[in-house]
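Per TrEMBL, the feature [4Fe-4S] cluster 1 binding site maps to Cys14, Cys50, Cys89. For Cys166, Cys170, Cys173, the entry in TrEMBL reads [4Fe-4S] cluster 2 binding site. Look at TrEMBL and you will find 5-126 tagged as domain 'MTTase N-terminal'. The domain 'Radical SAM core' annotation in TrEMBL covers 152-387. The feature domain 'TRAM' is assigned by TrEMBL to 387-450.
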Amino acid sequence: MTEPKKLFVKTYGCQMNVYDSQRMQDVLAPLGYQSVDSAEGADMVILNTCHIREKAAEKVFSDLGRVRKHKEAKEANGGEKMIVAVAGCVAQAEGAELMKREPMVDMVFGPQTYHRLPEMVARANRAIGRNRIIDTDFPAEEKFDHLPQQVSSQGYSAFLAIQEGCDKFCTFCVVPYTRGAEYSRPGADVIREARQLVAHGTRELTLLGQNVNAYHGEAPNGGEWTLGRLLRELAEIDGLDRIRYTTSHPRDVDDDLISAHRDIKKLMPFLHLPVQAGGDRVLQAMNRKHTNADYREIAKRLKDACPDLALSSDFIVGFPGESDKDFEDTMDIVRDITFIQAFSFKYSPRPGTPASAMEMQVPEKVKTERIMRLQVLLAEQQLAFNRNSVGKEMDVLLERRGKYEGQLVGKSPYMQPVHVSGLPETALGSIVRLKITEALPNSLGGELVDATKNDQKSERNVA
């Protein structure tokens, strides 16, 4: 029997990259590659990169320096070749520069081309000298059409990409330039992949897209499905007990989606809905296509439809031209709506985006002062929500072993890690009813309520 080839994939950034990395492994499996946890001794290393954050490319070059040592050690004295590849959005945006600065890189490919990995690997194995590979074509539909029909197990919780790209062109964002135009997968393909994941043991599914609620996929019988319709179809799958989706844009929250939050019990009462800023001047400069009042109205309608719903969000502080009043508008919207989780960042220019050329860049000292104030408020809200959970009962999906002997860790309907002791490891994968007994800043502790209430299907219950 041929010995499996070792594949190490390092994933940076968003959940979409996590999904892409898993599918890269599916693409390479027929070639004999099996995943390993380290670059040391690997036959192929893929760095699946993200271009959203500041100095993203420099982080990749830093990691490539470490990979180089493993490559040199493996190939010393005539050893077998290690293929080194850089994938994802840094590869898409800066592929030529990557090749120029790091001669050991064999392959650079974008997020829409990894279905061609078998061909690229064959070319890399044949390559002599500086005959290296760059593949950064854009069409997402071609990728999804050519990925393997079978998906591998992702565990009790899994990601499923249903939409890719973005047409919003926020002035700070590189996504339209690295992921391309919006594309929605056909509904039948999504349902097929979801059923396969459930057959592998998945109980919770998170639908992914750069702008996931812009989903308008081809319906099996013609016509078009919205995200709301797709959620309803997925909810009919036996064995799929929880559904989530991310990341959303306020402009694409429609009546059908709001009613889905009211009607679908499998849809978790937690929604990541980025607002980015509270000042209307800043929102306009960002080209967000919504106002402070628009966001507040959407949040109200969602919570009216699903009173248990909790929101998380993204915030950018110190966007060009942001005044003290603009920032206070951000603080006000946080105070008024409340967010149980949030990602907040100081604005940093992304090369090639309109915002990078804007005047009135905010001084770094001011950005730092503002981000500290915002993060204190957000942390207070998160802790308050967690503390308010004490004494309540929640259905928790048990996913992994805990830090301590006899401890398991699960996920609440609100994405909080929940620790529980006294259950056997055979309970992993179960949905159990826990009473929350402890609240920490980033997690909860609970105890089993009643064995007869365990593993209830299709519940988002919080009592």
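Just so it is clear, glycine is given a Cβ too, placed from its N, Cα and C backbone atoms.
Distribution of TrEMBL features across the structure.
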| residue | record | Cβ within 10 Å |
| --- | --- | --- |
| Cys14 | [4Fe-4S] cluster 1 binding site | 18 |
| Cys50 | [4Fe-4S] cluster 1 binding site | 19 |
| Cys89 | [4Fe-4S] cluster 1 binding site | 25 |
| Cys166 | [4Fe-4S] cluster 2 binding site | 22 |
| Cys170 | [4Fe-4S] cluster 2 binding site | 22 |
| Cys173 | [4Fe-4S] cluster 2 binding site | 22 |
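Apart from Cys166, Cys170, Cys173, the residues listed for [4Fe-4S] cluster 2, the same chain places the Cβ atoms of Lys168, Phe169, Phe172, Val174, Val175, Pro176, Gln210 within 8 Å of the centroid of those Cβ atoms. A gap of 15 Å separates the Cα atoms of Cys166 ([4Fe-4S] cluster 2 binding site) and Cys14 ([4Fe-4S] cluster 1 binding site).
A coil conformation is recorded for Cys50 ([4Fe-4S] cluster 1 binding site) in the three-state DSSP classification, outside any helix or strand. With respect to their backbone Cα atoms, Cys89 ([4Fe-4S] cluster 1 binding site) and Cys173 ([4Fe-4S] cluster 2 binding site) stand 12 Å from each other. Residues Tyr12, Gly13, Met16, Asn17, Thr49, His51, Ile52, Ala56, Gly88, Thr178 surround the recorded [4Fe-4S] cluster 1 site, their Cβ atoms falling within 8 Å of the Cβ centroid of Cys14, Cys50, Cys89, which are themselves excluded.
For Cys50 ([4Fe-4S] cluster 1 binding site) paired with Cys173 ([4Fe-4S] cluster 2 binding site), the C-alpha to C-alpha distance reads 12 Å.
Secondary structure by DSSP for the domain 'TRAM' (387-450): 6 helix, 33 strand, 25 coil. Cys14 ([4Fe-4S] cluster 1 binding site) sits 18 Å from Cys170 ([4Fe-4S] cluster 2 binding site), taking the Cα positions as reference. Annotation note: Cys89 ([4Fe-4S] cluster 1 binding site) sits in a helical segment as assigned by DSSP.
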